[in-house]
Amino acid sequence: MNQSIKPGDNPDLTDERLSGTFDTNAMAAVIYGSDKLAQRRREISEAVSRIPELKDSKPYPFMTREEKILEGSRKSAVLNRLLPGLIDLESFEETVFIHQEVIGIEGYPLALHESLFIPPIATQGTDEQQEKWLMRAQRREIIGCYAQTELGHGSNLRALETTATFDISTREFILNSPTITSLKWWPGALGKSANWSIVIANLIIKEHNYGPHPFMVQLRDEKSHEPLPGITVGDIGPKMAFNGADNGFLGFKNYRIPRENMLMRHSKVTSDGSYIKPPHAKIGYSSMVKVRSRMAAEQGLFLAHALTIAVRYSAVRRQGFLKDKSREVKVLDYQTQLHRLFPSIARAYAFIFCGFETIRLYDQLLIDVQNGNTSGMADLHALTSGLKSVVTYQTGEGIEQARMACGGHGYSMASYISEIYGVAIGGCTYEGENMVMLLQLARYLVKSIEMIQNGKSRELGPMVAYLAEKESEIDLNLGPNEYLKVFEYAARNQTWRATEKFQKLRNSGMSNEKAWNQASVELTRASRLHTRLYIMSTFINHVGSIVDQKVKGVLIDLLNVHVTYEVMDIGIYVQGLLSSNQMDLIRNQLYVSLETIRPNAVSLVDSFQISDMQLRSQVICAFLAAWDDFQTKHCIMVQRTRFKTYILQQISFNKIKFEESYELRYLAILVAVSLRVPYVNDLCMDPRKFKTRQMLYHFVLGRRDGNVYENLFKWAKSSPLNQTDVLPSVTQYLKPMMDKSKL
Ligand SMILES: Cc1cc2nc3c(=O)[nH]c(=O)nc-3n(C[C@H](O)[C@H](O)[C@H](O)COP(=O)(O)OP(=O)(O)OC[C@H]3O[C@@H](n4cnc5c(N)ncnc54)[C@H](O)[C@@H]3O)c2cc1C
């Protein structure tokens, strides 16, 4: 049963939903890991939709950067006030979800506060430090960011130039940015919003450099919000996407902070200037590991956003003919369209499952570390490096395919896909540049091969044990686990090949670094295959554990799309293993799987339960927001439900014409007059005064109701360019030019 069916929907989309064979709420429970969380998402979505203050005040594409930042800040402040009544404040998932629902994906000034400022305090701060800052941060008494990257240095942490020199006489650290390239550059929220930051700087004690360490640094005065003396800070300007966030720059000149401001749960500096090492070299990376663990699920959801739009639209878009010449077919019926979209649906599911599994592994690791066992750190660090890299790259690919699958309308901002793409692919760079991450995983893989070569196969971690195994017989008719063996073969072969290349170069007398560089493309290929193997095996295990038989049946079909597509995609690496007959078998199996999943396509994307608000395709809420705004301004209280009913009636009786360029406030006044609201007649001014622009329509292509064309037309009409017929660009330049050119 597909719970999305509603009266007034596009009949093509309703047909698709009726052909679904499973309960979309049950599938949502599988996607989000529990029935409770899926249910909570729906409840939060519903609650948010009833709060006008949380609506967009106008469509994001028509906002300037300053307006986006203002809007994100406004909503953050409203949310901070309303959150206790809307979500369980202890739940990270609910917190993330409500922010995404309300603010969307374009970034906002507090985004980094939750994900990169609070977690390091919680994991790297001592109990006293947590006491001092954690509650303040959680209450949002202070706003924080995370400043690591510098203008001249990002991937190579060891080259960071910012210094924190310990002054034994005052027991303070003195922060300095010695060069232009040492300016911190890129941290989100740093530019204008944050007043505190975690700053990564080289710890210097008695002229000895102990390398990068985290420090809690106050940047701005808590009363005036002015930068404190010794601090230079500002915004780095517009970006490809994420323009709702104020990424910034930061420099220090002899800026002093107390010794207690170094986060000292792991490494410590005593008051006499002695340095105490952490128990594990990579322990400081645990917050990075956490963020990367979450990235797979987060990116899977970005892909899910784009696919929801593309699949729904493909089910209502008709173009050309197949058998029946009396009516054009849905583009979703073309095999090329299925091939373009369905493997990505499978990946989105796989990424989300993988993301939640990796978060579980991280939570376990945290317990182990707290009990003094850091042995799993290297494994998880390597795994999350590869996962982050493969998932962000393939998400970008999938979103771009989704855009192209929507033809011309996919290129319009009305689809929202370009924004999703811009935001998602930022993930290829932040939290560790992808290629650099793959090389980090490669080091781990090479070490694993060296252990096998040295007869220590038994000591390998469970995720790399397959590297020591021999090939086994493969019978593709036996299902997904056999495809997994194909992937194991490819990953094992490539890892051995790349390692041996590196070793051969090194043994020929080349330096370690040069040999590594010359083998690096092959090494990154090994890392990708290893990671894709992990993704596939997690997908298979997850499907195996599902109880609801209808949901499980559909996910087995989706898994078949996944395994066949992925093996076809790595054909070059399995040439020695599979015959051309076996490759043909896989290819044909893929086409069969695409057809099998076809009736469930819309239900599969509906199951992500991404609301029209997240897809930015709502209309009526803009009226409601205007109405509340109007009520507040003029102290008029009329029930919102009454107003809503009235507006809906007016629309259905065609009395309010969207085509007319009324500004929302004017519409609100019209309604107020009609409802005989006291005092309104006095306020009812000349309508022309309000005839500025119409801002009713948000992103429309992926709407739940599938009513795309009428809303695309309304979207176009709402463009500020259409609020006047003759633009100044014409009167000032084009018209005089044409006039001058007349003979
Ligand atoms: C949207 C966004 C938000 C961000 N937010 C933050 C934030 O909040 N806080 C913060 O501190 N930073 C932030 N950053 C910065 C980000 O973490 C860095 O940009 C990232 O780590 C990459 O570093 P880089 O820019 O120096 O790239 P570079 O390292 O200069 O990479 C350039 C190229 O060199 C290659 N390369 C580099 N080293 C190697 C190597 N060893 N071997 C092979 N190839 C190599 C890379 O693969 C890449 O192709 C953000 C960045 C973005 C885009």
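The backbone N, Cα and C atoms fix where each Cβ goes, glycine too.
Per TrEMBL, active site, proton acceptor is recorded for Glu431. The FAD binding site annotation in TrEMBL covers Thr149, Gly188. Per TrEMBL, the feature domain 'Acyl-coenzyme A oxidase N-terminal' maps to 23-143. The domain 'Acyl-CoA oxidase C-alpha1' annotation in TrEMBL covers 285-446. Taken from TrEMBL, the feature domain 'Acyl-CoA oxidase C-terminal' covers 480-618, 700-738.
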- Take the Cβ of Thr149 (FAD binding site) and count every other Cβ within 10 Å, whichever protein chain it belongs to. 20
- Which range out of 23-143, 285-446, 480-618 gives the domain 'Acyl-CoA oxidase C-terminal' (700-738) the most CB pairs under 8 Å? 285-446
- Number of helical, extended and coil residues in the domain 'Acyl-coenzyme A oxidase N-terminal' (23-143), per DSSP: 89 helix, 0 strand, 32 coil
- Whole-number Å distance separating the Cα atoms of Glu431 (active site, proton acceptor) and Thr149 (FAD binding site) is 10
- Item | Greatest C-beta neighbour count within 10 angstroms, which of the recorded positions Gly188, Glu431 | Gly188
- Note on the structure: DSSP assigns the residues of the domain 'Acyl-CoA oxidase C-terminal' (480-618) as 112 helix, 0 strand, 27 coil
- Item | For the domain 'Acyl-CoA oxidase C-terminal' (700-738), residues assigned helix / strand / coil by DSSP | 25 helix, 0 strand, 14 coil
